[in-house]
Amino acid sequence: MAKVNTQCSQPSPRQLSVKDAADRDLDQVENGLGRSHSPCEETSSTVHQGIVMETGELAGAAQSLFTSQGPARVSRFIISIRAWAARHLHHEDPTPDSFLDRFHGAELKEVSSQERNAQPNPGGQEPPEGGKGRKKDPIVVDPSSNIYYRWLTAIALPVFYNWCLLVCRACFDELQSEHLTLWLVLDYSADALYVVDMLVRARTGFLEQGLMVRDTKRLWKHYTKTLHFKLDILSLIPTDLAYLKLGMNYPELRFNRLLRFSRLFEFFDRTETRTNYPNVFRIGNLVLYTLIIIHWNACIYFAISKFIGFGTDSWVYPNTSKPEYGRLSRKYIYSLYWSTLTLTTIGETPPPVKDEEYLFVVIDFLVGVLIFATIVGNVGSMISNMNASRAEFQAKIDSIKQYMQFRKVTKDLETRVIRWFDYLWANRKTVDEKEVLKNLPDKLKAEIAINVHLDTLKKVRIFQDCEAGLLVELVLKLRPAVFSPGDYICKKGDIGREMYIIKEGKLAVVADDGVTQFVVLSDGSYFGEISILNIKGSKSGNRRTANIRSIGYSDLFCLSKDDLMETLTEYPDAKRALEEKGRQILMKDNLIDDDLVTARADARNIEEKVEYLESSLDGLQTRFARLLAEYSASQMKLKQRLSQLESQMTRRGHGFSPDRENSEDASKAD
């Protein structure tokens, strides 16, 4: 039993929240009995009881309590059980990752149809306790869920069973009669699964405007309108009731069960999208279809031979009265052999004699040609798809080899290049991520990049506590880089244009001689983040301060300075925060020159003033040009108005001129 401190101490908030109602009930019971306990004693007793039950000694504690005197002990025992249940039956949500929360918003919760149609309670009344009167959400199967796929696997088995064994039992009488009980059990078990499958289909949701429909009435209406519903109904017609009249040796009465073939095809389609080896699955699927066709053709050949008569000619199955041809295994294997030779057209079979035999062989030849063409075409395309990446990679190697031979590259360098390509192929690093993800929307690209690079990005100090949008942009701009043994990632004094994050491999910080190692960097380390920020006052500027060399093959992530600055233009606050973090890191390492900061600040002030004057001058020039344009427009309008006035005055002056008046006076005098 756990040891408990018996001194009066303050219990935890969780214990207090559980004990609030319990203490009140206990006080009422104890006050009614005239007994008193201090709060410390009550708390100690309750904690003691809880620990007793947590350690698995609930039975012993219960026995000791019920054998004691007084209802108060019984009430404390019940209250302790209530407290223990509240602690252990309460499921706490896992602590979320704050880093992930910045990429994902609040999770949208799909509202059920009952909640959408629910009306608020009048007067704000609470619903009855225990959830009475509240409808439960209907069970709806999501077609993209794992449960639905598992059910497809389960229903595909009886469909495949019917397609393989019904025709075989119908053609080979011994197979049906010798194992009748087994077939009855399997048949009606398959029928039961067919019935359950109809119920599952009636509760399988579908998408409408991007949302899953969960209304059972709409689901049933949608299902009944499909062709699958009609085929499912036909596949469940109890045609085997004719057994009662014809006997049990007619399994062909159950051929309507073959109409459920769509479930088998759906299972194959979903498996092809889920498997990591789709090409292998396609080849296996094609072989399975071919075997089923050969199997059916063999059974039909034996049935035709039985109809014509065994041994009546050279084409049909030999006489079954002979012991070697009377066995069931020989009958099926002989028929399967004949069917394989006929459909594949690779062997000689006895020629047909009767017309119906000729007709059947002609149909078999046509089907065989189609099967052969299908197999050759599909297998050829599958093999080419399987080797497409290898062929493309080999073409790159061949072009590199030809170039190195043309440029007369040294053998040592040529060997290093070939080994680098071999390493890429052996470790499956030849995939072009941009080419693979180019068809995805930006949101899914970001999600994939976050899942791939999240652990790596979380380790970089300057990128911690950045806003989510900036981190998404940076994650999308990370580029993989692979270095060979002995390659220099950076050298002392080089201008820093990238920062690197080690995903896999080991890098050594070496001296100028390239041999002496100061420190070894391993997975998760990063370097070069300060040089791409252009921290003002840095003694090293944006140049590298160390020589870093790859010990073996190293897989790194690279973030270029141009990509970072392009991203930070949209996030000025984040840019200032990153520069401040970088400055603090440099100050800790005593790599900040205050005089240089002041000088650069003065230079920056002068530059800002010059930029301000230039912008002001540009503004003045723009305003002057606008005013000049307005002045020119007003002058044009004024000239047009003056011209109009002159023309009007000219017309009026011409109408009342002095010459006209003198002529009128002369005419009057005459």
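Just so you know, glycine gets a Cβ as well, placed from its N, Cα and C.
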Is it the case that Swiss-Prot assigns Ser145 and Phe310 to the same side of the membrane?
no
Sequence-remote partners of the transmembrane segment (255-273) [C-beta within less than 8 Å, at least six residues beyond its ends]:
149, 152-153, 155-156, 158-160, 162-163, 166, 170, 190-191, 194, 197, 228, 231-232, 234-235, 237, 239, 281-282, 285
Near the transmembrane segment (281-304), which same-chain residues lie under 8 Å Cβ to Cβ, leaving out any that are not at least 6 residues past its ends?
163-164, 167-168, 170-172, 268, 271-272, 275, 316-317, 331-332, 335-336, 338-340, 342-343, 356-357, 360, 364, 367, 371, 374-375, 378-379, 382
Please spell out the DSSP helix, strand and coil residue counts for the region 'C-linker' (388-464).
59 helix, 0 strand, 18 coil
Same chain only, please: residues at least 6 beyond the ends of the transmembrane segment (363-387) with a C-beta under 8 Å from a C-beta of the stretch. Say none if there are none.
279, 282-283, 286, 290, 293, 297, 339, 342-345
Could you break down the residues of the region 'Cyclic nucleotide-binding domain' (468-588) into DSSP helix, strand and coil, giving a count for each?
35 helix, 40 strand, 46 coil
